[in-house]
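Student: For reference, the structure I am asking about is given below.
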Amino acid sequence: MPGVTVKDVNQQEFVRALAAFLKKSGKLKVPEWVDTVKLAKHKELAPYDENWFYTRAASTARHLYLRGGAGVGSMTKIYGGRQRNGVRPSHFSRGSKSVARRVLQALEGLKMVEKDQDGGRKLTPQGQRDLDRIAGQVAAANKKH
């Protein structure tokens, strides 16, 4: 559909569609340790989904589409959560820096993301075009239903 952007479609459906596109293309460089790692220090277990790296890459690309100039630190804040401390009160805990860094590096390898001169990363015009194209496909699929 012409004129459809990432902001116009359901974010969950868009992230699923983009993750499927990244997996199907086979160009995203996935580290070999993805099946043994936790995504944050406040998590107790590793993720159940074996394709979590593609989902995280799609979610990160969407975040960079909506607000560019985000770096590793801001990605750890976005993917942070509640650290449970047993009988003591819970506090906020950031996500994994290593996972955020590797996801951004993998997206850079696809030429979807580039380093911003003001700090952080931003979407390239090619990356923005890919995301808008997938958003159009998601909108067209929703219109059929």
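Heads up, the Cβ atoms here are built off N, Cα and C, so glycines get one too.
Model, not experiment: these values are computed from the prediction.
Here's the feature list from Swiss-Prot:
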MOD_RES   Lys23  N6-acetyllysine
MOD_RES   Arg67  omega-N-methylarginine
MOD_RES   Lys111  N6-acetyllysine
MOD_RES   Lys115  N6-acetyllysine
MOD_RES   Lys143  N6-succinyllysine
Student: Taking the Cα atoms as reference points, how far is Lys115 (N6-acetyllysine) from Arg67 (omega-N-methylarginine) in Å?
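Tutor: Cα of Lys115 (N6-acetyllysine) to Cα of Arg67 (omega-N-methylarginine) measures 14 Å after rounding.
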Student: Which one is it, among the modified residues Lys23, Arg67, Lys111, that lies nearest to the residue listed as 'N6-succinyllysine' by Cα separation?
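Tutor: For the residue listed as 'N6-succinyllysine', the spatially nearest of the modified residues is Lys23.
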Student: State which of the following modified residues has the fewest other Cβ atoms within 10 Å around its Cβ: Lys23, Lys111, Lys115, Lys143.
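Tutor: Lowest Cβ count within 10 Å among the modified residues (Lys23, Lys111, Lys115, Lys143) is Lys143.
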Student: I'm trying to understand the geometry here, so how far is the Cα atom of Arg67 (omega-N-methylarginine) from the Cα atom of Lys23 (N6-acetyllysine), in Å to the nearest whole number?
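Tutor: Given the Cα positions, Arg67 (omega-N-methylarginine) is 24 Å from Lys23 (N6-acetyllysine).
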Student: Work out how many Å separate Lys111 (N6-acetyllysine) and Lys23 (N6-acetyllysine) at their Cα atoms, rounded off.
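Tutor: Counting only the Cα atoms, the answer is 16 Å.
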Student: Going by DSSP, give the three-state secondary structure for the residue listed as 'omega-N-methylarginine'.
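Tutor: DSSP assigns the residue listed as 'omega-N-methylarginine' to coil.
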